[in-house]
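S.K.: What follows is a structure written as structure tokens; I'll ask about it next.
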Amino acid sequence: MAPAATQSQDVRLERLSVRAAETPPAQCQSACCCTPVLKRPMLERNTATAHSAASGRSAYSIGTDGMQSEDGSTTAPELGENIDAATFEQILEMDDDEEEREFSKSIVYDFFTQAVGTFEKMDSNLEKRDLAQLSALGHFLKGSSATLGLTKVKDSCEKIQHFGAHKDASGIEDEPDDDTCLKNCKTTIEQAKKEFAEVEVVLRRFYREEGS
């Protein structure tokens with residue numbers, strides 16, 4: 001990539017990261033869990049993109065089914081109710097090549113890995129009955145999913161954050177009983193896993209690599 005293109009890409013990445021971090025939750029006491037997914041080292045521009053694009057174009061691919069605005073510019077595809085198209089389009093805008101979309105793909109696929117690892121940690125901390133860690137993990141994954149526009153995953157992770165902090169789903173009312181909080185966390189973690197699985201299928205299909 002030419003130096004000018006790299007600089008332009010970095011500027012767009014920085015602006016998106018700033019927007020994602022503008023309104024951190026009041027309860028946050030950890031710098032790492034407030035860091036937007038795009039600012040984490042694992043998601044830097046030069047992260048290895050091991051997942052090569054499959055041949056051909058999917059029906060979800062921008063530019064193949066007439067998904068253009070009146071001025072001729074491409075718009076985000078219909079990704080379903082689990083993904084906010086406007087937010088996801090900001091990620092797509094950082095791609096240099098709309099055919100391969102290697103940059104946005106690296107961000108999304110790194111999130112897949114991050115989410116799976118976080119859910120594993122949640123399961124482990126459920127067994128340990130560690131509500132504080134469950135709250136921190138919920139907060140962490142909430143920020144990452146919000147950056148990509150994964151609205152339902154984000155909402156569920158926010159509830160996990162609240163339950164782990166001895167609150168109700170809204171984060172307003174106190175819930176002093178550990179067993180109730182753990183039960184709520186377990187139920188919501190399972191819900192979040194299902195929501196994640198749904199968006200993973202949609203996004204893999206968008207990047208022409210539908211998972212098995």
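Each residue, glycine too, has its Cβ placed from N, Cα and C.
Under the heading region 'Disordered', TrEMBL lists 48-78. The compositional bias 'Polar residues' annotation in TrEMBL covers 66-76. Feature annotation from TrEMBL assigns domain 'HPt' to 100-199. Here TrEMBL flags His139 as phosphohistidine. Annotation source TrEMBL lists coiled coil at 182-209.
Show me how these features fit into the shown structure, please.
M.R.: As a summary of secondary structure, the domain 'HPt' (100-199) carries 81 helix, 3 strand, 16 coil according to DSSP.
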S.K.: Can you tell me the mean pLDDT for the coiled coil (182-209)?
M.R.: 94
